[in-house]
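TrEMBL has this to say about the protein:
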ACT_SITE  THR168  active site, nucleophile
BINDING   ARG196, VAL197, GLY198, ASP199, THR219, GLY220, HIS221, GLY222  substrate binding site
Amino acid sequence: GRMKPVIVVHGGAGRIFKEREEGSRAGVVRAALRGFGILKQGGSALDAVEEAVRSMEDDPHFNAGRGSVLNEKGEVEMDAIIMDGKNLDSGAVSAVKCIANPIKLARLVMEKTKHMLLTDHGAHLFAQAMGIPETPGEKLITERSRERWKKNLEPDSNPEEFQKDLGTVGAVAIDSEGNVACATSTGGLSNKLIGRVGDTACIGSGGYADNRSGATSTTGHGESIMKVVLARLILYHMEQGMSPEMAADTALDYMKTRVGGLGGVIVVNSSGEWAARFSTKQMSWATVKDDQLHYGIYAGERHTKSVDEALASESLGF
């Protein structure tokens, strides 16, 4: 291959409470290292982003897979998308319950059906047909999600206030062949209406990947992201010649001024330049390029380690 592979991951934009910072940092670093491990061995961008997102779905620090927030009825309903920049193939699932890794199911939708998006009951039947084991709903629910749900049910509560720490997880990558891919997965908004689907499952909003320009995965207020089709908007700006950072900032600024929405994005372009930008207070992110790991949570925060050093501390569980 001629490209130097790059992976960027995010663990959601919003407000990350102090006691969860360390776990969020460790989780995005772990995901980036896992994804990069695949790329380093010559694996595809598609496999790398799926693996990175799966790692965060399994981590209860994030609002995806296990640890997802609960809908109004106290259930987990999840959305996920994956996209291949080579031929613009994509697969997505929405409002799925009782599976541990919605991103795996999205990948199967892309590869085993002629469709791009399966929802709810249909997605469930497809998962069964593909032999994906069912995970009891309770296994996906953490104490924290249930506490938050209960608080939001109180008559004087304001769920909007809690949604400032809404999260999504995502990854973008470019592999040694120069192919890009994106993947995004979420439990959505706390106490959302049953059947609510946000930006994550929507191509062009929750993510987009095109070898000609790059790939992006988004996080933040889903309805705002959908209004401006945020992921595609960023790639449009890159097609006009903007750098990943400039494209991300321009699109986030537009979303804020036009519809009052806050969020965050990760981007990689077709030449391997990357960005992790957000208009919220925080966003956990990590990237690996040239065997250097970079990561942070606050605006302007950026730690750097060599991959070898990071892997050594990773095996000790941080």
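Glycine is treated like the rest: Cβ placed from N, Cα and C.
What TrEMBL says about a protein is an automatic prediction, not a curated fact.
What you see is a predicted model, and the numbers here were worked out from it, not measured in a lab.
Distribution of TrEMBL features across the structure.
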residue	record	contacts (Cβ under 8 Å, 6+ apart)
THR168	active site, nucleophile	HIS10, GLY12, ALA13, ASN63, ALA64, THR184, SER185, THR186, THR200, GLY206, THR218, THR219, GLY220
ARG196	substrate binding site	ASN71, GLU77, ALA95, GLY188, LEU189
VAL197	substrate binding site	ASP79, SER94, ALA95, THR119, GLY188
GLY198	substrate binding site	ASP79, THR186, GLY188, LEU189, GLY206, GLY222, GLU223, ILE225, MET226
ASP199	substrate binding site	SER205, GLY206, THR218, GLY222, GLU223, ILE225, MET226, LEU230
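Its own atom aside, the Cβ of GLY222 (substrate binding site) has 29 Cβ atoms within 10 angstroms in the protein chains shown.
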